[in-house]
């Protein structure tokens, strides 16, 4: 439905309706349970030697010789999804979003008793990035080979597939993967600034080196590493990652040079030009635009930056309004399609990544709008301006974010939770090698490449292991979902699907416990950003 200002009565009615819907949703879902389970998922995806405190007991050590042939230690990190390749670009994006999630809602994560687990999830990734960044101008961007890996169905503990490692360097650049890794380490450095200052400093050092590498030696990483093209091709190029990394480094350091970079290159790199309707591991423009708009609305800039930051904000609000279906001009592509049940729909394969990322961006932006509406910034007030007229206030933007979260948790036509392990109905046949085969600790009998397909992949029954906290690819544009291991487009889960939901679940847990329903749609702000002060508004 397109929004029009037709009077105060209608506006008040819309806000009251949004508040009522949000209050009803709060009563339906246990967000604290969702938070706990979402963090378990990252333990299921761990590669390397598992720690003594490992809670996902059906996993064991794996990938213990990664990097050995190349003479580097690349043990650790995360498997991206249901296979066993370690892809650097989506892994780094996962860590960036986990970190941003904590920077916005870390106080709520701490209040729920899950801060230590969230920090562990981030550090498991950043410890690996430190290993992978072996020289100032060298980054190991992939371990394993997607082609050989996808021909096998094995537990990671039994892997017989290639563990070839691939790097980017001065001769074979990869500005996108280096830029995203810089962003991840910069964002994580803020997260650890108070709790582990030495580690925070180390992360920031790597982030600055990686950004310099990405900017000086420019090129797409899939041109340097051909093996990644069929799996995580950098379709959007590397300009968005350079802007993204610069803004995260500005947030981490406060240095004007990084903001100057994002402003000076805004037009050439597409930051103020692209009107985007998706945000993902590949396409970062919406995130860039929202980070830049935050600076404007908080007044954290010099006067010479204002004009460019205003244009960033215009594009940020195009994305926000597109997710709400409120851009009244620009044609059919100006808004994101919705399923009959209300799910944002971008494309068939792993659509849930766009849903969860949109929910987080809308929620964060609603906080920024609320701050601007309170007069704390200089960005023109607390209403997002949509293309073709009309707008959306902070409460409405937040209600739209919450609607997507609740869809994931089961408020949908099928009544199915797409967060595995949550609710009465959730996917039982997740496309996930380790989850679909008897645990290694229960049966150490070797399972070969083809044997896994013969004995486990084609089984009709549920997986023997529940990969708790995974968010699967989800339903199609008509809300249809087929729970079948072979249906990888819908039943495979990825780390970057769950990452933005960690903070969202924590924040919604707090709001659902508050007595006044009006607070659930006006602001979600905490004081945990940017320095992880970890106080909670109650």
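Cβ coordinates come from backbone N, Cα and C, glycine included.
Annotated features, as they stand in Swiss-Prot:
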{"type": "ACT_SITE", "residues": "83", "note": "active site, nucleophile"}
{"type": "ACT_SITE", "residues": "431", "note": "active site"}
{"type": "ACT_SITE", "residues": "483", "note": "active site"}
{"type": "ACT_SITE", "residues": "492", "note": "active site"}
{"type": "COMPBIAS", "residues": "516-530", "note": "compositional bias 'Low complexity'"}
{"type": "REGION", "residues": "513-538", "note": "region 'Disordered'"}
{"type": "SIGNAL", "residues": "1-26", "note": "signal peptide"}
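Structure coloured by features recorded in Swiss-Prot.
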{"residue": "83", "record": "active site, nucleophile", "Cβ neighbours (10 Å)": "24"}
{"residue": "431", "record": "active site", "Cβ neighbours (10 Å)": "24"}
{"residue": "483", "record": "active site", "Cβ neighbours (10 Å)": "16"}
{"residue": "492", "record": "active site", "Cβ neighbours (10 Å)": "22"}
By Cα-Cα distance, the member of active-site residues 83, 431, 483 nearest residue 492 (active site): 431
Euclidean distance between Cα atoms of residue 83 (active site, nucleophile) and residue 431 (active site), Å: 9
